[in-house]
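For reference, the structure discussed in these notes is given below.
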Amino acid sequence: MFSNNQSEDNYDHIDDSLIYSSTNIPGPGCNMNDLNSCPNQMCNCTNLCQTSSCECISSAGYNNYDNFGKLISINRFIYECNDLCKCTLCQNRIVQLGPRIGLRISQCSKGYGLYTDIYIERGQFVCEYAGEIIDLTEAERRSNLDHENYIFVINEHFSGNVTTTVIDSTIIGNIGRYINHSCEPNCMIVPVRVDSLIPRLAIFAIKDIQCNEEITYHYGGEGSCPQNNLSEVKCLCESFSCNRFLPRKTGLF
């Protein structure tokens with residue numbers, strides 16, 4: 001349905017010492033019950049899922065994606081149709097289809113970066129940030145051993161409760177690990193649940209991205225980063241509103 005997405009992840013690392021994994025795998029501290037628990041929603045749709053008839057969509061009360069596969073809102077709780085659903089391809093299956101075609105790892109002033117060889121529209125899915133699912137204790141241990149790590153922590157707030165997901169792509173991960181920070185990003189990370197209660201960290205474009213442009217997101221989250229939450233690592237994004245230093249990794253310690 002959406003020809004710019006791959007049905008399989010055909011990318012690979014440029015460093016043979018790294019292990020490529022197209023999606024998350026359990027690591028130390030991973031909650032296996034949550035990992036193996038499929039969301040309660042499932043549908044019996046045989047054609048395209050519609051808001052009026054699809055249990056997965058109607059339970060949320062809104063469509064996650066439009067008819068062109070673009071994310072409608074970044075501020076919604078997203079469940080895609082899953083393996084228990086009768087539908088095969090529908091507008092509620094985007095992240096699980098795999099990353100976009102035309103992504104390229106290239107050297108840049110920051111080391112390596114992820115670029116696109118094709119035009120990407122605002123709202124379109126780019127790729128996951130995949131790696132080992134670990135807990136905060138293991139994340140702290142690894143951070144103390146290696147400050148140059150690729151640990152990503154995301155906190156979701158539901159009805160006064162906080163759900164924390166930690167993904168480490170330092171050694172095991174996918175093409176998403178090469179995405180650099182920018183103080184004026186063109187993408188952001190959105191948690192999306194498919195066949196597990198543990199979300200996939202999906203990277204969506206928040207503005208149109210031109211051919212040969214670098215893919216970036218803000219390491220501190222959706223908005224700007226306050227001065228008291230900046231690290232001592234220099235930011236190299238060179239954007240007009242650059243804060244000069246990278247955000248601290250939230251959720252750790």
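For all residues, glycine too, the Cβ spot is worked out from N, Cα and C.
Caution: TrEMBL annotation is automatic and unverified by curators.
Taken from TrEMBL, the feature domain 'Pre-SET' applies to 41-98. Mean per-residue pLDDT, taken over the domain 'Pre-SET' (41-98), amounts to 86.
The domain 'SET' annotation in TrEMBL covers 99-220.
The DSSP breakdown of the domain 'Pre-SET' (41-98) into helical (H, G, I), extended (E, B) and coil residues amounts to 9 helix, 4 strand, 45 coil.
Note: the domain 'SET' (99-220) comprises 14 helix, 62 strand, 46 coil (DSSP; helix = H, G, I, strand = E, B).
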